[in-house]
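The structure's right below; bear with me while I get my questions together.
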Amino acid sequence: MPRNPLKKEYWADVVDGFKPATSPAFENEKESTTFVTELTSKTDSAFPLSSKDSPGINQTTNDITSSDRFRRNEDTEQEDINNTNLSKDLSVRHLLTLAVGGAIGTGLYVNTGAALSTGGPASLVIDWVIISTCLFTVINSLGELSAAFPVVGGFNVYSMRFIEPSFAFAVNLNYLAQWLVLLPLELVAASITIKYWNDKINSDAWVAIFYATIALANMLDVKSFGETEFVLSMIKILSIIGFTILGIVLSCGGGPHGGYIGGKYWHDPGAFVGHSSGTQFKGLCSVFVTAAFSYSGIEMTAVSAAESKNPRETIPKAAKRTFWLITASYVTILTLIGCLVPSNDPRLLNGSSSVDAASSPLVIAIENGGIKGLPSLMNAIILIAVVSVANSAVYACSRCMVAMAHIGNLPKFLNRVDKRGRPMNAILLTLFFGLLSFVAASDKQAEVFTWLSALSGLSTIFCWMAINLSHIRFRQAMKVQERSLDELPFISQTGVKGSWYGFIVLFLVLIASFWTSLFPLGGSGASAESFFEGYLSFPILIVCYVGHKLYTRNWTLMVKLEDMDLDTGRKQVDLTLRREEMRIERETLAKRSFVTRFLHFWC
């Protein structure tokens, strides 16, 4: 009979990234890997239950010895990772560029065109800003959990541990499907982008070239992979900076065609699309899911937790910096797009598919400016962007498979890691699914990917809601078990209230998506086809949840707060020493300039 993951005893026997110690793979890895065998739950409590932040409990003081300090400094990496076999070579810049690689792609360069045509320039800015505020709470929640529990797969584990196994299985499987579909989708997008220069060569030939390149990149060790993604992401960041400067110049009338543009297109054809307030509001609501999808991948910082050098410091830094970088990029670019491209421009809908760079508002903006040569350069950048996203998709998908295999949601052979720290079985399975990209030459490829994307269309929203709910439940358990927040290496800036805000707003986005999917914009009534294209992932989520319940025969709705394991996988912390460190840090920071304090808080 399988052990119950709702009980503390289950997590007490979990090591190596929360892999059951009884699994056959664990015994094999024992011979080739050095790992900690003393788990916090098998020794004395890792954290003193008394604290000034825990009312009603007597304060106790632990003696701090030189050996304590030595262990704290020298064994950080070993304790941080809880000895997963994955290579631990990713730094802050690697984590940041991995997230950028996953989040800045067709969502920004291409899909924003359809969103502009559907909702108008005001809808673009409003929706992306609202989603950004939710994302800020998600990033903070994720930073707190990942710093405390830097395990392989990150949030894939948190929802199972802090919410409920069936819920975790459904959300994780949906999230995994998103990355599985994204790989072939981006490869097809790359082949379509090539048609801008040459449409005579068979698309599958280009798919084969890109497929082989991505497969090779993911066969490298994780550090080499991180450096590859760093270069690709830097190209995207530089292109965004370049377009921002160019967009400002064009908007002010500095292009070859001359003439001040400013907010001209906000007045004609208008800030919103539609002739009535109801139609305009529906257009606004229909863009929300596009906004959320475009940000998907920013949670990659937590997926990489088990492969970073010092996750308790790097994860919060990378998460916050990633948020500001991606949010600033999107909001700035979208504002400029709204000024340079009218929402009724027919080219926004002329693409052969949702990933056709011909409908990119950035390319259209440059063409409208009359600058020769630059549209071709922007197309080349879009090509690099989609290849980068496909590269990140293999990484994210394989690590999610490892995490799900660790917690028993996928077959155990997927969690095996080779001597170079690569989860080869998971990578090969992901690449196998990528063979779907060879439908690029088919006339039905757009229809195929429309329905494949529908399988996980809302997965990003489900994932973010699960992260915020995990954080809420974690904090509730801390309170019930009378634990101190001083135990946490990083504390969310938005707190529990911020997590509730993000969860509620994302829930409202799901409701808005239900409405716009069932009653699509421009339709005469309810449309079953439109509904399943936009909302199919929700009934699939329910089926996965119920199916897991029936299979496991576990009818508990939530992990009990008093039973929640708050120790396993965390480093032993001396609260007295930690408080002294925090006091010194605050005093040192208080002497710094305002700019330094500002950057320290937000970045």
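These residue numbers are counts, starting from 1, taken along the chain as shown.
Every residue gets a Cβ built from N, Cα and C, even glycine.
Below, the features straight out of Swiss-Prot:
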- 51-65: compositional bias 'Polar residues' (COMPBIAS)
- 66-75: compositional bias 'Basic and acidic residues' (COMPBIAS)
- THR76: phosphothreonine (MOD_RES)
- 45-78: region 'Disordered' (REGION)
- 117-121: topological domain 'Extracellular' (TOPO_DOM)
- 186-203: topological domain 'Extracellular' (TOPO_DOM)
- 256-279: topological domain 'Extracellular' (TOPO_DOM)
- 343-376: topological domain 'Extracellular' (TOPO_DOM)
- 443-451: topological domain 'Extracellular' (TOPO_DOM)
- 511-530: topological domain 'Extracellular' (TOPO_DOM)
- 96-116: transmembrane segment (TRANSMEM)
- 122-142: transmembrane segment (TRANSMEM)
- 166-185: transmembrane segment (TRANSMEM)
- 204-223: transmembrane segment (TRANSMEM)
- 237-255: transmembrane segment (TRANSMEM)
- 280-297: transmembrane segment (TRANSMEM)
- 322-342: transmembrane segment (TRANSMEM)
- 377-396: transmembrane segment (TRANSMEM)
- 424-442: transmembrane segment (TRANSMEM)
- 452-472: transmembrane segment (TRANSMEM)
- 492-510: transmembrane segment (TRANSMEM)
- 531-549: transmembrane segment (TRANSMEM)
Looking only at residues six or more beyond either end of the transmembrane segment (377-396), which have a C-beta under 8 A from one in the stretch?
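Same-chain residues near the transmembrane segment (377-396) but 6 or more away: 98, 101-102, 104-106, 108-110, 179, 182-183, 186-187, 189-190, 193-194, 196-197, 210, 213-215, 217-218, 225, 228-229, 232-233, 235-236, 239, 243, 297, 300, 303, 355, 357, 360, 362-363, 366, 427, 430-431, 434.
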What same-chain residues lie close to the transmembrane segment (452-472): Cβ under 8 Å, and 6 or more beyond its ends?
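The answer is 134-135, 137-138, 141-142, 144-145, 155, 158-159, 161-163, 167-168, 171, 174-175, 177-178, 181, 184-185, 289, 292-293, 295-296, 299, 436, 492, 496, 499-500, 502-503, 506-507, 509-510, 513, 532-538, 540-541.
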Excluding the flanking five residues on each side, which residues at least 6 beyond the ends of the transmembrane segment (280-297) place their CB within less than 8 Å of a CB in that stretch?
99, 101-103, 105, 107-108, 111-112, 114-115, 118-120, 122-124, 126-128, 130-132, 135, 178, 272-274, 326, 330, 389, 392, 396, 457-461, 463-464, 506, 509, 512-513, 515-516, 519-521, 534
Taking residues 6+ outside the transmembrane segment (122-142), which of them lie with a CB under 8 Å of any CB in it?
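112, 115-116, 154-155, 266, 271-273, 283-284, 287-288, 290-292, 294-295, 298-299, 301-302, 319-320, 322-323, 327, 330-331, 334-335, 337-338, 464, 467-468, 470-471, 492-494, 498-499, 501-502, 505-506, 509.
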Grab the same-chain neighbours of the transmembrane segment (322-342) for me: Cβ-Cβ under 8 Å, and only residues 6 or more beyond its ends, written as numbers and ranges.
95-96, 99-100, 103-104, 108, 112-113, 116, 120-122, 124-125, 128-129, 132, 135-136, 139, 237, 240, 243-244, 247-248, 250-251, 261-266, 268-269, 294-295, 298, 301, 348, 361-362, 364-365, 368-369, 602-603
Could you give the mean pLDDT over the topological domain 'Extracellular' (256-279), rounded to a whole number?
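Across the topological domain 'Extracellular' (256-279), the average pLDDT comes out at 87.
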Near the transmembrane segment (531-549), which same-chain residues lie under 8 Å Cβ to Cβ, leaving out any that are not at least 6 residues past its ends?
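Distant contacts of the transmembrane segment (531-549): 165-167, 169-171, 173-174, 177, 289, 450-451, 454-459, 462, 510, 513-514, 516-518, 520, 555.
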I'd like the per-state residue tally for the topological domain 'Extracellular' (511-530) from DSSP, helix first, then strand, then coil.
11 helix, 0 strand, 9 coil
Count up the helix, strand and coil residues in the topological domain 'Extracellular' (443-451) according to DSSP, in that order.
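Going through the topological domain 'Extracellular' (443-451) residue by residue, I get 7 helix, 0 strand, 2 coil.
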Going by DSSP assignments with H, G and I as helix and E and B as strand, what are the residue counts for the topological domain 'Extracellular' (186-203)?
10 helix, 0 strand, 8 coil
